[in-house]
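Have a look at the structure below, then the notes.
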Amino acid sequence: MENGGGDVPENANDHCPGTQSEAAGKADACAGCPNQQICATAPKGPDPGAITHLLAIIERMNTVKHKILVLSGKGGVGKSTFSAQLSFALAEMDHQVGLLDIDICGPSIPKMLGLEGQDIHQSNLGWSPVYVESNLGVMSIGFMLPNPDDAVIWRGPRKNGLIKQFLKDVDWGEIDYLVVDAPPGTSDEHISIVQYLQIAGIDGAIIVTTPQQVSLIDVKKEINFCKKVGVPVLGVVENMSGLRQAFSDMKFVKPSEAGETDATEWALNYIKEKAPELLSVVACSEVFDSSKGGAEKMCQEMEVPFLGKVPMDPQLCKAAEEGRSCFTDQKCSASAPALKSIIKKLVKTK
């Protein structure tokens, strides 16, 4: 067999140009080769095991029916909270679910799933996820840090290497959904996860934003990133879409020149006496400026689906802090119904 040399797979066609060649997967000799698609999309560079790794990723991902990427253009918009609650909801719908945290420098998923302090275990099948329930497994670099306060100071290649290892070495088993929580932006981690998951088949991306223009500007970049790399946008979620809080849960203060004093007890007693019906009312407030139409208008302009709005709910924030589902009780009365509506749209689409 005459080959072009340089990282030629054993099962390659005659005259293979090599996996690191610019012609890899595109040359006439590549036609009909079982590695053609992989070679055409694989990163070119000094990794001689690229094909082997990609084949291992494909084999792992063959046991995952649906792969969903959760993105945000800006940090602090509630993307990880959404990823966690999406995973809880899918698991409570009796799906087998995996949640993969690839936010290498800021892994918050272990806390949001109530798994802080847990360790990863290895078996002859690979890395075992950490399980919340029997049908909800989680993987994160947060499980690997000796101290949760340790900073992860890594360059791009090392981040990419860990993402690759997560995809090829984690033994998810047969699952219905893999939810991938990505860091904000469009950097190394995003390029890597898209490159690897496209080969294995990715359903698409959900993009989380807040209503104000400063967030939507970055979301447009995220949508354009998805379009350029060929990832379908499943839809955009407008998070923190106004504050919703039961009147009875609110705190009150009396401002004065000397400062503020707590007036909660006085105010609630006054309301109970004078207007008790107010205690069953939910107070609404626009925290962010949505006067220009928010995410819904932006989706119309960018021609992508709008999935819905999730209000800012202090009870949802508390559920995330405590690492629990917002769907198991009636406390998250403002946010849980909105999240359920969005998730039903996604499942129906799938």
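For all residues, glycine too, the Cβ spot is worked out from N, Cα and C.
According to TrEMBL, the feature region 'Disordered' maps to 1-21.
With a 10 A radius on its CB, C30 ([4Fe-4S] cluster binding site) counts 21 other CB atoms from all the protein chains. TrEMBL lists C16, C30, C33, C39 with the feature [4Fe-4S] cluster binding site.
Counting every protein chain shown, the number of other Cβ atoms lying within 10 Å of the Cβ of S80 (ATP binding site) is 25. According to TrEMBL, the ATP binding site annotation covers G73, K74, G75, G76, V77, G78, K79, S80.
Taking the centroid of the Cβ atoms of G73, K74, G75, G76, V77, G78, K79, S80 as the ATP site, the other same-chain residues with Cβ within 8 Å of it are S72, P184, V208, T209, T210, S215, N239.
With all protein chains in the displayed structure included, the most crowded Cβ environment within 10 Å among the binding-site residues K74, K79 is that of K79. Sequence-distant contacts of V77 (ATP binding site), defined as residues of its own chain at least six apart whose C-beta falls under 8 angstroms from its C-beta, comprise P184, V208, T209, T210, S215, N239, M240. Shown are the binding-site residues G73, G76, G78; of these, the residue with the fewest other Cβ atoms within 10 Å is G76.
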